[in-house]
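Engineer: One structure is given below, represented as structure tokens, and several questions about it will come after.
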Amino acid sequence: MKLNWGMIGGGEGSQIGPAHRLGAQADGNFNLAAAALDADPAKGRAYAQSLGVAADRAYGDWREMLAGETAREDRIDLVTVATPNATHYEITKAFLEAGFHVLCEKPMTMTVEQGEDIVRTARAAGKICAVNYCYSAYPMVRQMRAMVRAGEIGKVRLVVTNFSHGHHGDATDADNPRVRWRYDPAMAGVSGQFADCGIHALHMASFIVGDEVEKVSADFASTIASRVLEDDAMVNFRMAGGTVGRLWTSSVAIGRQHGFDIQIFGETGGMRWASEQPNQVYYTPVGGRTQIMEKGESGLCSDAARLSRVAIAHPEGFPLAVANIYVDLAAAIRGGSSDGLPLAEDGLRSMAAVYASVASAKADGAWTDARPPMFR
Ligand code: NAI
């Protein structure tokens, strides 16, 4: 039996909408049954119907969708929230309280308090609130995680990660409305680039190492003078178990495209993965040669094998990483394990790290507690 799926945001021409539609429907787990896709109600209704949503479930806005779906016997099992950041909290909270499972885009909320409220609300409702840290669902990231957690590179000393692209590096384009909002506190919150991209890298570090980020020391810069929020950040961090972390995130690194990579260095080996070559992991045992591990080869961990869709050497990319989030969500909704699924607790940790980094940057890089108050 397919699960009924609803979507809010991700309308025609949006950046992330197509990846969710491809991802959710890739494995036959979910059927797009209801939607409020656009800030413009008429456009949202029309686009939903063009995607096959029935006219009475092609809603003009999310409140209408909440009322309509709550009243139905065949109500949606899961709703994806893919609207701009400032609306995530209100929509996610309302759907959780009404008894729906939610997949929320990152950043989950605008503040730490809102993040704690979402964690409490999901727990009280007994519903899954997942957050789309989709890079953690690439098969070879799962391979890296399994090897690191099995001790194959020994105790982890150091994590170095970057999420630095150059797509907002043109000062003459800084007033383009699709770029400007990301550096406007009213629309983006307290942080620009770190909250947009840096939190993916920080989540990935914890996801692979299996340890929480305890404190941060940050240096933020607005390299384009008209920007209020940072477009470049260097964030040093320490994990609870002592692992040293270095994170660089930037949107002005002209020439870098997606620019997300992570290296993990342990006492007996090192590993690296990059989102632009997502099918390979490089593994070097201490004193030994570097080995390239390929998605789809024999002998990978069961999680990496399970999440590989096409045969070895054939490309596999971003929409299928998003699809892997939906595979795990469908299993969790059907009563299975939620191991590996990024949850509201992860969304909250990111928000706490964003606030700690902003405070640290204002205090000349002073080390600042990055744990959410409710987890201290
Ligand atoms: P976008 O600006 O390209 O598209 C936003 C869509 O939401 C538009 O269709 C717009 O009409 C619609 N919308 C706006 N307000 C709405 C409302 N109140 N109700 C219904 N629809 C509404 O934005 P983009 O880049 O797709 O980002 C959306 C979210 O996804 C952001 O939170 C962003 O951070 C996140 N994102 C996550 C990525 C990931 O790797 N996990 C990658 C890209 C974006």
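Quick reminder: no glycine exception, Cβ is built from N, Cα and C everywhere.
Here's the feature list from TrEMBL:
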DOMAIN    3-133  domain 'Gfo/Idh/MocA-like oxidoreductase N-terminal'
DOMAIN    141-271  domain 'GFO/IDH/MocA-like oxidoreductase'
Engineer: Using DSSP, what is the helix/strand/coil residue split across the domain 'GFO/IDH/MocA-like oxidoreductase' (141-271)?
Structural biologist: 40 helix, 43 strand, 48 coil
Engineer: Run through the domain 'Gfo/Idh/MocA-like oxidoreductase N-terminal' (3-133) and tell me, per DSSP, how many residues are helix, strand and coil.
Structural biologist: 58 helix, 27 strand, 46 coil
Engineer: What is the pLDDT of the domain 'GFO/IDH/MocA-like oxidoreductase' (141-271) when averaged and given as a whole number?
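Structural biologist: The answer is 97, the mean pLDDT of the model over that range.
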